[in-house]
Amino acid sequence: MAEAKTVHSPALTYFSMISLLTLCPPFVILLWYTMVHADGSVLQTWDYLKQHGVQGFIDIWPRPTAIAWKLIACYAAFEAALQLFLPGKTVEGPISPCGNRPVYKANGMQAYAVTLITYLSLWWFGIFNPAIVYDHLGEIYSALIFGSFIFCIFLYIKGHVAPSSTDSGSSGNIIIDFYWGMELYPRIGKNFDIKVFTNCRFGMMSWAVLAVTYCIKQYEENGKVADSMLVNTILMLVYVTKFFWWEAGYWNTMDIAHDRAGFYICWGCLVWVPSIYTSPGMYLVNHPVNLGIQLAIYILLAGITCIYINYDCDRQRQEFRRTNGKCLVWGKAPSKIVASYTTTSGETKSSLLLTSGWWGLSRHFHYVPEILAAFFWTVPALFDHFLPYFYVLFLTILLFDRAKRDDDRCRSKYGKYWKKYCEKVRYRIIPGIY
């Protein structure tokens, strides 16, 4: 829990926590309003707010409606049911700081396939029109903002009253506890993992569902889908497919294995992912750009290449860990550092740090293709407005901050071995630059 405080000074930590708690919700609404009602123009929204002030902002904030709550409830119940009941092989997560080892059922790819097939079938057979989701998007975001806030309060209380494992506890500060979370692995009952639900099955799944929604909405409006929208939708779907294909690997990452379930992770996945991450597609609905077949194919191939490299980085490290370093990396034996560390219970354990392949280029090289992929699925919007590129900017800041937090955590965990590792792999993210 101390990691919330150690990365930046306490004053900065408080300032960033309070500002994110207060500024993120209105930002989601302003982004939606600008994309859908202000032609994607930040200046147009700015002029409106300058003229009408706070009252004008209150007027554009949609009230959560019954249909919005109904759509969210159906989607959440459907995803929860798939998470619980679809078959999948049993996978163990990494050993936690308190020595616990979470067990998961890896059925993400099945859930993803069932979700998209069901959603498209409902549309195809005229049972439900996904355009309705787009038409009520503001109300859905508004409901998610309030509903997820209440959910985070529930997580806070649960962490105090009924934690699921010993990987929980209070920092003694209510704001830090609410923001960073109380529990590492909160569950409902024995099998329903809350973070797998919020991060993967609600958040990441909604990204794919909304990408398809925007595409269908444009088709319903114009009778055709622009090539820019196709490139955007295909790349986002390839990325989300890659995520679910690799979901069990995601359970070893910082989001699941180190960040506790609080506002930062859970509200972020329940609200920020469906709104901000999908925003380039939201913009394209009303701005069909015609790229021409050649440019569209170039962008598509560049984006797919980046997503593949991002996947291959993670695969390489996962394979290296799974075989305990007894594998080939780029055709030859990997170079590595054996690092020992002590758990909170005083046990000495060791980890292998990979220093060749993608991981020899920089310590977090996999963030480079991830940021570039986001750029390639946004660039079909061209450059009339800045706002579609907000996600790329946000992702860059997020990943650079995450790289710093991860480095700081590893430095305190591995000590001299980490120093040795940094001497061998000198750059943090961009080889030769940073």
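Positions of Cβ are set from backbone N, Cα and C atoms, glycine also.
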Annotated range (TrEMBL: transmembrane segment) out of 228-246, 380-398: 228-246
Any contact, the transmembrane segment (228-246) to the transmembrane segment (12-33), with at least 3 Cβ pairs under 8 A: no
Candidates 12-33, 109-128, 261-279, 291-311; stretch with most C-beta pairs under 8 Å toward the transmembrane segment (140-157): 261-279
